[in-house]
Amino acid sequence: MTTTLQQRESVSLWEQFCQWVTSTNNRIYVGWFGTLMIPTLLTATTCFIIAFIAAPPVDIDGIREPVAGSLLYGNNIVSGAVVPSSNAIGLHFYPIWEAASLDEWLYNGGPYQLVIFHFLIGIFCYMGRQWELSYRLGMRPWICVAYSAPVSAATAVFLIYPIGQGSFSDGMPLGISGTFNFMFVFQAEHNILMHPFHMLGVAGVFGGSLFSAMHGSLVTSSLVRETTEIESQNYGYKFGQEEETYNIVAAHGYFGRLIFQYASFNNSRALHFFLGAWPVIGIWFTAMGVSTMAFNLNGFNFNQSILDSQGRVIGTWADVLNRAGIGMEVMHERNAHNFPLDLASAEPVSAPVING
């Protein structure tokens, strides 16, 4: 009997780390993008939670009128927000070391920049990590392509729009009511409801919801029965089974008769590509719309009302939007300027006569 002793190959600590980072056997895949994603998202989340709970008021308009957004300063979950950095800061990069003190940094809304920059880097890395894991597993790269839609939307409202408007104070506040306020002001200043790219985005989101519900209900209604009537149909599926779990021919026949033949897919791969592509392309268009409106390439304006033969205004939906936009613009930053640009006029306008 012969015993052979072989010297074990020594692996450096760096090589062990590389193998661990790129291993697909880990419970959660880390990846090289993950080494940057994890600290940035943890930093953004931690700062957001602390600022949402305890941040002092922020001078968002740069006119020495601070706006409180945290829970400890009188807000609730709905009204609370991380308030954007001050208009006095503009587009300047404003880390903690750029301020004279921590109090000054908080007063000028420094936490907002800290959160959004780390958040954006984190979601960019998350998208890269999706590609990286797909590559390691030999999969196609479409998962990260689909994820690029919400990434582009977040980049548009947190980075591109403030750059176009000249100040991070115009970025979207990090809160529920702050998001709604951002939407109202965006409509008032850019007429986004009349922008074709926004319309395509609405079609993408609502259409995607409709198609998802239609697909799920069709599949659920055409499952191949593998159980008795007293058992859940979910028990009829075994993870990894080779057999089809639903009858696509039956679903195709039902939907083709419900509408017409060519409205129904007879190819499962083409169907699922369509379900993925429709909302993604719609959200891409919305992000492009916000990015173009950031530089004031706004939605359609129908400022000239339709008049009848006597000169009376015939009200249209465009008139409703214009009037609502002016009203919202008047209420926005009401102490930062006297009148919105839409109301500024070289000629004096007499007040309307009130019929008493």
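Any Cβ shown, glycine's included, is placed from N, Cα and C.
Annotated transmembrane segment per Swiss-Prot: 29-46 (among others), in sequence order.
Taken from Swiss-Prot, the feature chlorophyll a ChlzD1 binding site covers HIS118. Summarising the environment of HIS118 (chlorophyll a ChlzD1 binding site), the number of other Cβ atoms within 10 Å of its Cβ, over all protein chains shown, is 20.
Here Swiss-Prot flags 118-133 (among others) as transmembrane segment.
Annotation comment: Swiss-Prot describes TYR126 as pheophytin a binding site, evidence class sequence analysis. Secondary structure at TYR126 (pheophytin a binding site), taken from DSSP and collapsed to helix, strand or coil, is helix.
Annotated transmembrane segment per Swiss-Prot: 142-156 (among others), in sequence order, evidence recorded as sequence analysis.
Residues annotated as site 'Tyrosine radical intermediate' in Swiss-Prot: TYR161. In the three-state DSSP reading, TYR161 (site 'Tyrosine radical intermediate') counts as helix. Sequence-distant contacts (6 or more apart, same chain, Cβ under 8 Å) of TYR161 (site 'Tyrosine radical intermediate') comprise ASP170, GLY171, MET172, VAL290, SER291, MET293, ALA294.
Marked as [CaMn4O5] cluster binding site by Swiss-Prot on the basis of sequence analysis: ASP170, GLU189, HIS332, GLU333, ASP342, ALA344. For GLU189 ([CaMn4O5] cluster binding site), other Cβ atoms within 10 Å of its Cβ number 20. Secondary structure at GLU189 ([CaMn4O5] cluster binding site), as computed by DSSP, is helix.
Around HIS190 (site 'Stabilizes free radical intermediate'), the C-beta neighbours below 8 angstroms that are at least 6 residues distant in the chain are MET293, ASN296, ASN298, GLY299. Feature annotation from Swiss-Prot assigns site 'Stabilizes free radical intermediate' to HIS190; the stated evidence is sequence analysis.
Among the features that Swiss-Prot reports, transmembrane segment is placed at 197-218 (among others).
What Swiss-Prot lists as chlorophyll a PD1 binding site is HIS198, and the listing cites sequence analysis. For HIS198 (chlorophyll a PD1 binding site), the same-chain residues lying six or more positions away in sequence with a CB closer than 8 A to its CB are ILE192, PHE285, THR286, GLY289, GLY299.
Counting only residues at least six positions away in the same chain, the Cβ atoms of LEU271, LEU275 sit under 8 Å from the Cβ of HIS215 (Fe cation binding site). In the three-state DSSP scheme, HIS215 (Fe cation binding site) falls into the helix class. What Swiss-Prot lists as Fe cation binding site is HIS215, HIS272, and the listing cites sequence analysis.
With a cut-off of 8 Å between CB atoms and residues at least 6 apart in sequence, the same chain places HIS252, LEU271, PHE274 near PHE265 (quinone binding site), listed in sequence order. Here Swiss-Prot flags HIS215, SER264, PHE265 as quinone binding site, drawing on sequence analysis.
For 274-288 (among others), the entry in Swiss-Prot reads transmembrane segment, with the evidence type sequence analysis.
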- Message: Between the Cα atoms of SER264 (quinone binding site) and HIS118 (chlorophyll a ChlzD1 binding site), what distance do you get, rounded to the nearest Å?
- Response: 44
- Query: Among HIS215, SER264, PHE265, recorded quinone binders, what is the largest CA to CA distance in Å?
  - Reply: 11
- Message: On a simple 10 Å Cβ count over all chains shown, which one of the binding-site residues HIS272, HIS332 is most densely packed?
- Response: HIS332
- Message: With Cβ-Cβ distances below 8 Å as the criterion, list the same-chain residues six or more beyond the ends of the transmembrane segment (197-218) that contact it, or say none.
- Response: 251, 254-255, 271, 274-275, 278-283, 285-286, 288-289, 292, 299
